[in-house]
Amino acid sequence: MSSDAVDETHENARQEVIAVDADDNEEGLVNRLDAHTGDGVRHRAFTALLFDENDRILLAQRAANKRLWDTHWDGTVASHPVEGQTQVEATEERLEEELGVDPSQYQNLRVTDRFEYKRYYENAGLEWEVCAVLQATLHDTSLEPNPEEVDGLMWVPYERLREHPEYYRQLRLCPWFEIAMRRDEER
């Protein structure tokens with residue numbers, strides 16, 4: 001399905017993402033809506049996991065206006081870098097846009113993993129991403145969430161969540177976050 005067959009007024013119809021092969025090598029740009037509808041197009045993405053000094057992870061509830069996985073709970077932020085932008089630069093930008101968190105509030109933002117996945121969401125579309133995982137520790141937990149992006153925030157003991165995800169099923173976790181958490185060897 002092309003973006004012509006989807007609501008072209010949606011903001012995603014005016015954005016591009018980076019199409020990649022299975023090894024995360026760039027293959028060009030693709031319309032963001034096309035990448036997330038029909039059979040989709042594999043593209044570059046990231047999810048960032050921020051922790052406090054007590055090893056709690058900051059989960060963010062995706063806003064109800066999101067096309068995919070609306071109101072689901074995610075790792076701290078997730079998005080797509082734009083052409084010419086590193087994963088770290090893209091993450092710094094999203095942290096500031098979504099949560100009002102600037103680089104002076106955290107340390108050691110780094111890529112810790114990368115994986116490919118493909119998941120469909122209801123009848124709304126899909127994610128087919130090579131997803132980088134970034135992690136950092138917040139030493140200043142002051143937050144100013146953007147209500148257009150985030151409906152809620154929650155600090156959760158990370159090891160408890162990793163070891164007993166069944167305790168948190170009512171949160172409806174985003175699939176990319178669940179994969180990143182299962183694969184996490186950093187903590």
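Glycine residues also receive a Cβ, built from the backbone N, Cα and C atoms like all the rest.
Small disclaimer: the values here were computed from a predicted structure and weren't measured.
The Cβ of Glu127 (Mn(2+) binding site) lies under 8 Å from the Cβ of His36, Gly40, Ala45, Leu68, Tyr117, Lys118, Arg119, Tyr121, Pro175, Trp176, each of these being in the same chain and 6 or more residues away along the sequence. What Swiss-Prot lists as Mn(2+) binding site is His36, His43, His80, Glu127, Glu129.
What Swiss-Prot lists as domain 'Nudix hydrolase' is 41-178. Over the domain 'Nudix hydrolase' (41-178), the average per-residue pLDDT in this prediction is 95.
Swiss-Prot lists Glu98 with the feature Mg(2+) binding site. Taking all protein chains in view, 23 other C-beta atoms sit within 10 angstroms of the C-beta of Glu98 (Mg(2+) binding site).
The active site annotation in Swiss-Prot covers Glu129 and is backed by sequence analysis. Around Glu129 (Mn(2+) binding site), taking its Cβ as the centre, 27 other Cβ atoms fall within 10 Å, counting all chains.
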Cβ contacts within 10 Å for His36 (Mn(2+) binding site), all chains included, total 24
Spatial neighbours of Glu98 (Mg(2+) binding site) among the binding-site residues His43, His80, Glu129, using Cα within 10 Å, are none
Cβ neighbour count within 10 Å, max among the binding-site residues His43, His80, goes to His43
Tell me, by DSSP, whether His36 (Mn(2+) binding site) is helix, strand or coil? coil
I want to verify one value. Collapsing DSSP to three states, which class is Glu98 (Mg(2+) binding site)? helix
